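Taken straight from Swiss-Prot:
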type     : residues                       : note
TOPO_DOM : 1-14                           : topological domain 'Mitochondrial intermembrane'
TRANSMEM : 15-45                          : transmembrane segment
TOPO_DOM : 46-59                          : topological domain 'Mitochondrial matrix'
TRANSMEM : 60-87                          : transmembrane segment
TOPO_DOM : 88-227                         : topological domain 'Mitochondrial intermembrane'
BINDING  : His161, Cys196, Cys200, Met207 : Cu cation A1 binding site
BINDING  : Cys196, Glu198, Cys200, His204 : Cu cation A2 binding site
BINDING  : Glu198                         : Mg(2+) binding site
MOD_RES  : Tyr218                         : phosphotyrosine
Amino acid sequence: MAYPLQLGLQDATSPIMEELMNFHDHTLMIVFLISSLVLYIISLMLTTKLTHTSTMDAQEVETIWTILPAAILVLIALPSLRILYMMDEINNPVLTVKTMGHQWYWSYEYTDYEDLCFDSYMIPTNDLKPGELRLLEVDNRVVLPMELPIRMLISSEDVLHSWAVPSLGLKTDAIPGRLNQATVSSNRPGLFYGQCSEICGSNHSFMPIVLEMVPLKYFENWSASMI
């Protein structure tokens, strides 16, 4: 989860988020190099009175500043496309969870189990226990097994919502009448927080998401107790 005054992204918990962080660093380095080059050229233009008479009519220079940006765009596009394809792949999920957005709460249905469904509301500030997080805690957490591929089917009952958990690299729109899907996979156990990331009305800020990733044994015990 994010902390006050935090710089940078949240700690990666899934392989997709690790890839996204690597891509962020890769792109940031390219942007830094381009910005440094531009600032250097501007400083030269401002500090020197010397000019090249054929600068504005140099075929070689035009060739360079046409090919070089194209090569840079390719360096950015290739890893980006690779990650997009990875995010779309869902290979043999062990579990499917249907997520529905409402104004202003989430409902979850474990489609592999009979009658395992519940609504998830934010806990009001006055009802929080010591150590719990304001505007992030819910009355029913989404319990999932760790280190296993899980398919999330995401839609909405009313208006546009967006189901997002940053530390897992997840952000999928919940659109009425349309079913989107995403893959959830966690490398470690723990609580992972998210929020609705699409302005959906006056209580948009009060739609937190809490995933509780546990070992498979504990998940089986939890699911048996819920049925």
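Each Cβ is built from the backbone N, Cα and C atoms, and glycine gets one as well.
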Tell me, what is the mean pLDDT of the topological domain 'Mitochondrial matrix' (46-59)? 70
Between the C-alpha atoms of Cys200 (Cu cation A1 binding site) and the residue listed as 'phosphotyrosine', the distance in angstrom, to the nearest integer, is 35
Counting other Cβ atoms within 10 Å, pick out the least crowded of the binding-site residues His161, His204. His204
From the Cα of Glu198 (Cu cation A2 binding site) across to the Cα of His161 (Cu cation A1 binding site), what is the distance in angstrom? 5
Cys196 (Cu cation A1 binding site), Cβ-centred 10 Å count of other Cβ atoms over all protein chains shown, is 25
Can you give me the residues near the recorded Cu cation A1 site, meaning same chain, not His161, Cys196, Cys200, Met207 themselves, Cβ no more than 8 Å from the center of the site's Cβ atoms? Gly101, Gln103, Trp104, Trp106, Ser162, Ala174, Gln195, Ser197, Glu198, Gly201, His204
For His204 (Cu cation A2 binding site) and the residue listed as 'phosphotyrosine', what Cα-Cα distance in Å is obtained after rounding to a whole number? 32
Given the topological domain 'Mitochondrial intermembrane' (1-14), its same-chain partners at Cβ distance under 8 Å and 6+ residues beyond its ends are 20-21, 24, 133, 136, 166-170, 184-188, 190-193, 213
